[in-house]
């Protein structure tokens, strides 16, 4: 928006404000643009604008190619309609064609050389900071170099507003112009954006503030999605006025005594879309936007329902043999090329480094536990090889390559129980495990062929959040347990007194020669032996410092908590006020890598012997007496091959539930995935890998919920060019196969990276685990509802479900979830963890029983409706709608009858 200014004897148009989405004003004192803010308009200015459009000139689809020609056409129309006299033509044209001065941004910093310049140089640079452009047909150099162009959406068109007061008019000169084709009008705009609309308001002197407010009103309307749509499609003046009336219908008035107009309202993080505003407007319930303020009407607020979570056609029951599998392949095949070339992005590098470190830590942890549970039949080497093989194949051929495969706790428990059973009954463990794997593979194929994944439709938010919260808490507790374990291994000397530092020592005393047989202890210098050598030769350690290792526990905690806290801080850095947007986003994307490198460097600088990452250095089985292939026959009796079908059924249930629930969480609509998913295809490849890993004696793998969520988070995309004040919009996830393939390829070659990986302290990786667990809790409604227990009502966030469901019912629903989570946690911590997948099915039963406690309306807001219930709810709403219509018709008939009766009675009385 430009306002007419007088500089000495000269008139010029000076830019005073601009709108891309929010308003920015020119702050004269600071010679800069203000922060973007929400435009606050007076109702009076909107009504005056309406009057201007009613009485002024409206030219729609004008053929205009230059500003002088457009101005001549406007003046000619006003003269023809008798709005101005012909004598004013030259004066108005002279004013409208004055030069335009735009406010350009100054550089943020000045070099030392600039600071040392003379005052004349400073004044010269000040003059150059403002571009003085005459009206020209082509954009100036300053316009073309303006960096503000990056903030403007592609294919944008400008609406120019010119307002001012002159001394030769006795009534306002108003014109609204829409050009047939958007045209670049030279120096009229700050940046070379083609102009589509032009609003001109010139008026008598003394009302400059009123003219300015009218200009702000039309500028605000033009950036409103609904009104701009009207302006583009308007056929005449009445359409524009109707558009203003619709805008006024949505206007919310702030009482002047309770609000300071000088306050600039910060842009909201999220604004309703134009489509949503249209749907709200069409209901004629605009008085209900901020809540219900009275009794219940025909369309009660209880009738309002949230948008339901739909799993889509991927889980539709086809009724054909392998129908779902064929549809998954058909759906994913066209996206296969883009799955590879879209992975070539700098964001993928940060995702690979992050997930790789999580995967190898997980592989080492589970490999060590498997080695202890199976007497090294499966160990760290098998865990690395299995992770690399299963993960690579799955990422290459699966329906959802963003899912990361890993070993899980229930599988570990099953392996431990299976090994103990085999050992106690004289059965070969590896051969029995092979047959269980083959049976489980066959059972997975049967589930795929019969579209059994359809059952996932009955898993609502209640089940999903219970499962994902449990896995997240497992990650958090395991990370903390390992950190606490280092304090036990390297205890802190709480009785240490600095004044008695001379008393802290540790000596090795020689054993009694009579107690040592077969060893010449007299020739040893016991005072020079190390701690391990002293104990090895039967000596004893005496002294106050023998039990303690100084600094290691504290240093481990610094590395652990420092990695976690730095990662959280850098992840949020993209929302800070410092540095350009691209640099902030780069720092946020590489937050994990930067945190790890920082604390690895700190550990190397301190030089303490903190526990380090230990990776196998030789490619060979952990147990020397086993090979890389397991033979299916010869070691066990024949009945074992058949009987293994029973434990395989338990493994299949475990695999199915773990895999499909993780897939549902990854594929939720909040992630805005565009390439679809493939539940049947995923389960097919998990079954194939079950058989392959069983033949090679490798661990079994299934979707890892927390690491998969971390993978999704590390690949989230946001809009790069956004309007000033507008928050970057979440666009979706970079869906591709390259990051997973690179992660598992690096896992496979980790034995060759051992010389580098050995410098990474384990507490740093525990910090990464803690971050994964905490980050996966964000966005879970269950976790948000738990926090409501500790918040007074007035401090609770404005969650949508709090507006529609009583707080006591929300607390009751959350309490049920907490109890279910506690039961799952207890089962997980005992030998009953093997029935964990059955308990997940139990969650579905509990959710079904909640239908008897809560209404469908309440469940729709705090959970998802079950498929059958959702249909029933729609039918009930339709039935209620018909009843409301009948009541309306009945009321209208009664009203007409009463009116007619009253009229008849009045006429009858009049005659008498």
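Even glycines carry a Cβ here, placed using N, Cα and C.
Annotations in TrEMBL come from automatic prediction, not curation.
What TrEMBL annotates here:
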| type | residues | note |
| --- | --- | --- |
| DOMAIN | 3-261 | domain 'Band 3 cytoplasmic' |
| REGION | 108-141 | region 'Disordered' |
| COMPBIAS | 118-131 | compositional bias 'Low complexity' |
| DOMAIN | 320-866 | domain 'Bicarbonate transporter-like transmembrane' |
| TRANSMEM | 351-370 | transmembrane segment |
| TRANSMEM | 390-414 | transmembrane segment |
| TRANSMEM | 434-456 | transmembrane segment |
| TRANSMEM | 590-608 | transmembrane segment |
| TRANSMEM | 638-657 | transmembrane segment |
| TRANSMEM | 678-702 | transmembrane segment |
| TRANSMEM | 738-757 | transmembrane segment |
| TRANSMEM | 764-783 | transmembrane segment |
| TRANSMEM | 815-846 | transmembrane segment |
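Counting Cβ pairs closer than 8 Å and at least 6 residues apart in sequence, the transmembrane segment (590-608) and the transmembrane segment (764-783) reach three or more and so form a contact. Among the recorded stretches 390-414, 638-657, 678-702, 764-783, 815-846, the one sharing the largest number of Cβ pairs closer than 8 Å with the transmembrane segment (434-456) is 678-702. Of the candidate ranges 351-370, 638-657, 678-702, 351-370 has the most C-beta pairs within less than 8 angstroms of the transmembrane segment (764-783). Here the transmembrane segment (390-414) has Cβ contacts under 8 Å with residues 328, 331-332, 339, 355, 359, 362-363, 366, 369-370, 373, 383, 474, 647, 650-651, 654, 658, 662-663, 666-667, 673, 676-682, 685-686, 688-689, 692-693, 698-704, 707-708, 711-712, 715, 733, 735-737, 740-741, 743-745, 747-748, 828, 831, 833-834, 836-837 of the same chain, all six or more residues outside its ends. Sequence-remote contacts of a segment are chain residues at least 6 beyond its ends whose Cβ falls under 8 Å from one of its Cβ atoms, and for the transmembrane segment (351-370) they are 378-384, 387, 391, 404, 406-407, 412, 415, 478, 590, 592-593, 596, 613-615, 699, 704, 707, 710-711, 714-715, 739-740, 742-744, 746-747, 750, 757, 760, 765, 768-769, 772. Summarised as a single figure, the pLDDT of the domain 'Band 3 cytoplasmic' (3-261) averages 80.
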